[in-house]
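Quick notes on the structure that follows.
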Amino acid sequence: MRVAVTGTPGTGKTTATEAVETALDVIHLNERIREEGLDAGRDEERDSLVADLDAVEAALAGEDDALIESHLAHHVDADRVVVLRCRPDILQERLVDRGEPAAKAAENAEAEALDVVLSEAVAEHGRESVYEIDTTEASPSAVAEAIEAVIDGERAPAVGTVDFTEHL
């Protein structure tokens, strides 16, 4: 089984997946993209690599028992997609605290308020495969437990349970 853990940068994907207890191989997709050159160049304005999603899919071929973590994870084939969410003002604060430029943090906070990643995940995988989890007040261990429940089939798909539109 392939499980994708995705969300806007700053929602807690890396921290949570590092705490997940699972037999699945944990793949930090952004690291793989950098290490294996699975990019199509650099976005100078955002100072980030642009992933070559076809190359990413090819690199992941045969890795069927995996927990794939990245803000891009919802773009790869997966049986279940966990979308981590965080209140936009808290998300923006987290990003600034970790050294992201204020403009980039604000852009990500707006994307979170607009449900960008959630909408993309539902469009690519369908509502029946998407599990929305609010990380705003949750500890990393609680988020990890929620992800484990998705992996184990103990949590029902949920879309639209988190609403941050008042932050627009």
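Cβ atoms are placed via backbone N, Cα and C, with glycine included.
Taken from Swiss-Prot, the feature ATP binding site covers G10, G12, K13, T14, T15, R98. The region 'NMP' feature in Swiss-Prot is assigned to 28-51; the stated evidence is sequence analysis. The region 'LID' feature in Swiss-Prot is assigned to 97-107; the stated evidence is sequence analysis.
Long-range contacts of the region 'NMP' (28-51) within the same chain: residues 14, 17, 59, 68-73, 75-76, 101, 104, each at least 6 residues beyond the stretch ends and with a Cβ under 8 Å from a Cβ of the stretch. The ATP site is defined by G10, G12, K13, T14, T15, R98, and by the 8 Å test on Cβ atoms against their centroid, the other residues of the chain that qualify are P9, T11, A16, R94.
Remote same-chain residues near the region 'LID' (97-107) are listed as 9-10, 46-47, 91 (criterion: CB distance under 8 Å, separation of at least six residues from the stretch ends).
Under the three-state DSSP scheme, T15 (ATP binding site) falls in the helix class. Per DSSP, the region 'LID' (97-107) is made up of 7 helix, 0 strand, 4 coil.
Neighbour density around each Cβ, counted as other Cβ atoms within 10 Å, peaks among the binding-site residues K13, R98 at K13.
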